Amino acid sequence: MLSPDRCAGRFIAHGVLNTPVIKIREAAIMLDSYFKISERGSSIAQEVRGGLVTFFTMAYIVALNPIILAYSPDKNGQFLFGGAQPAPAMVAATTALVAGVLTILMGSVANYPLALATGLGLNTFVAVGIASKMTWAAAMGLVVLEGLIILVLVLTGFRVAVFKAVPPQIKIAISVGIGLFIALIGLVDAGFVRRTAGGPVPVGLGVNGNLVGWPTVVFVFGTLLIIGLMVRKVKGAILIGIVGATVAAIIIQKLYKIAPGFTPGNPPTIVDGGWGLNIPSVPTDIIAVPEFDFTGQFDLFGAFTLDNVSLIAAILLLFTLLLSDFFDTVGTVTAIGHEAGLADKEGNVDNIQKILLVDSIAAAAGGAAGISSNTSYIESAAGVGEGARTGLASVVTGVMFLLTTFLAPLVAVIPYEAATPALIIVGFLMMTQIKKIDWDDLGIGIPAFLTIILMPFTYNISVGIGAGFITHVVIRLVQGRGKEVHPLMLLVSGLFMIYFLSSPINSWIG
């Protein structure tokens, strides 16, 4: 009797199995070879799952970016894309398009499981802190200029040198801090933890110490579902959890008609019992025709020719953008590298030059397209938690973003509360690295501690990194071990001091 393999071989030889089967197998082999999938202990199915999880975890940016950018007028009362009225649909479509192209570029060029999109925090700073003082074109010109400066720093090797100058255990602390940070993001976005107006602490459990509303129930259900699946070692636990929570949310919305937790023109806020952002209902339309307008979205040096903004003030705005973007990415790349097992014992990752090159291009491209600086997303860690280890996962995420330009109604089905459980689980996975830190060495332990706690407490990755760098340098100098500190650490710590003091400096110079 012939074995199945020999039977298959005989069928193929006689043309019984058609060529598409062979072509699919050849394509799989090519993908495996190009992305080093087997070499990194992964599989194509695992990469696809990871890419989908990353997309579903960060797809909220397509809905959130228009709320932040589209409804914020510049100093002349004009809205983004030059109109007298907000253009949220255009901002959403452009956000998805640029994120898709850049994420595919990251995956195919750098072979790293890292997705990119408009940076949260940066877009708010651009809308509120910059565009309110000048035209949108001048504000986006600053973003493009910041991206070009970072690109030069990458091409000259400076950015990579800074990355390698950071002590390995401080890199681990950055990863742990980001894990805690994204877990807090998940808790806040889901309404499980909420900001308090006049209480003794800035955040608290639910409303007045109580969990409120069906959306919070969806979040708890999704989190417990993922935990249960992980304990049972079910593949695709995070993706299944997101889908399961979304289905539950749709059913609940159908039964109870829950209101949204935001209003256009205002930052998204969690109201009592309301959905955080998207309302999970079955869409009437699945496909929507996107709108794009890339003409005249930035004026490269416009911010430096204004009467109401001094040259020094414009430079400080540029410096703030630059430093935040620079070190947020360093932290994200470090965290993803540790979580995916792609970092060596020094905390360095392969292809770091290409990773940072794509990221710097993303910053400039986001400004040129008029949707603010694009940067690496820590939500990529959700895909890594699902098993992503190569750039193929990023390609999958990027393709999903491109499809979103046409399938925006379908993506809008997934509420915050269904996606954020992934951030809680990934936060836990990243937190496990804390045992690798030498807490007995105060020159490492104290900086690591400040790095870890300040990221979530200030809601800012760069603040945690800056505090860790500065205290590490100061302690080593006090210990008489200044020679152990890399010169670039001294330089960067000085820049962080300027960054932290930028507000009083700006007031001093008027």
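Using N, Cα and C of the backbone, Cβ positions are placed for all residues, glycine too.
Residues annotated as transmembrane segment in TrEMBL: 50-71 (among others). Sequence-distant neighbours of the transmembrane segment (50-71) (same chain, 6+ residues past either end, Cβ-Cβ under 8 Å): 79-80, 86-92, 95-96, 99, 113, 115, 117-118, 120, 123-124, 126-127, 189, 238-239, 242, 262, 264-268, 277-278, 371-372, 377, 379-380, 382-389, 392-397, 400-401, 404, 408, 411-412, 414, 416, 419, 422-423.
For the transmembrane segment (83-105), the list of distant contacts is 61-63, 65-67, 69-71, 77, 114-118, 264-265, 288, 290-294, 358, 361-362, 365-366, 369-371, 374, 394-395, 397-402, 404-405, 408: same-chain residues at least six beyond its ends, Cβ to Cβ under 8 Å. Positions annotated as transmembrane segment by TrEMBL: 83-105 (among others).
Annotated transmembrane segment per TrEMBL: 112-130 (among others), in sequence order. Listed by sequence, the residues of this chain that lie at least six past the ends of the transmembrane segment (112-130) yet keep a Cβ under 8 A from its Cβ atoms are 47, 50-51, 54-55, 58, 61, 64-65, 68-69, 72, 95, 98-99, 102-103, 106, 139-140, 142-143, 267, 303, 317, 320-321, 324-325, 328, 332-333, 336, 340, 342, 349, 351, 354-355, 358-359, 362, 366, 371-377, 379-380, 383-384, 388-391, 393-394, 397-398, 401, 459-460.
Look at TrEMBL and you will find 136-158 (among others) tagged as transmembrane segment.
Annotation source TrEMBL lists transmembrane segment at 170-192 (among others). Taking Cβ pairs closer than 8 Å, the transmembrane segment (170-192) reaches residues 60, 203, 205-206, 211-213, 215-216, 219-220, 261, 270, 276-277, 330-332, 334-335, 338-339, 343, 347, 378-379, 381, 416-417, 420-424, 426-431, 433-434, 436-437, 444, 447-449, 451-456, 459, 461, 464-465, 468-469, 472 in its own chain, all 6 or more past its ends.
TrEMBL lists 212-231 (among others) with the feature transmembrane segment.
Annotation source TrEMBL lists transmembrane segment at 238-256 (among others).
The annotation transmembrane segment is assigned in TrEMBL to 300-323 (among others).
What TrEMBL records for 418-434 (among others) is transmembrane segment.
Among residues of the same chain six or more beyond the transmembrane segment (446-475), those with a C-beta under 8 A of the stretch's C-beta atoms are 121, 166-167, 169-170, 172-174, 176-178, 180-181, 183-184, 323-324, 327-328, 330-332, 378, 434, 437, 439, 485, 489-490, 492-493, 496-497, 499-500. Look at TrEMBL and you will find 446-475 (among others) tagged as transmembrane segment.
As annotated by TrEMBL, transmembrane segment applies to 487-509 (among others).
Away from its own ends, the transmembrane segment (136-158) comes close to residues 74, 78-82, 126, 130, 296-303, 306, 314, 317-318, 321-322, 325-326, 353, 356-357, 359-368, 370, 372-373 of its chain (Cβ-Cβ under 8 Å, at least six residues beyond either end). Beyond its flanks by at least six residues, the transmembrane segment (212-231) meets 190-192, 206, 237-238, 240-242, 244-245, 248-249, 252, 256, 258, 261, 272-276, 415-418, 420-422, 424-425 of its own chain at Cβ-Cβ distances under 8 Å.
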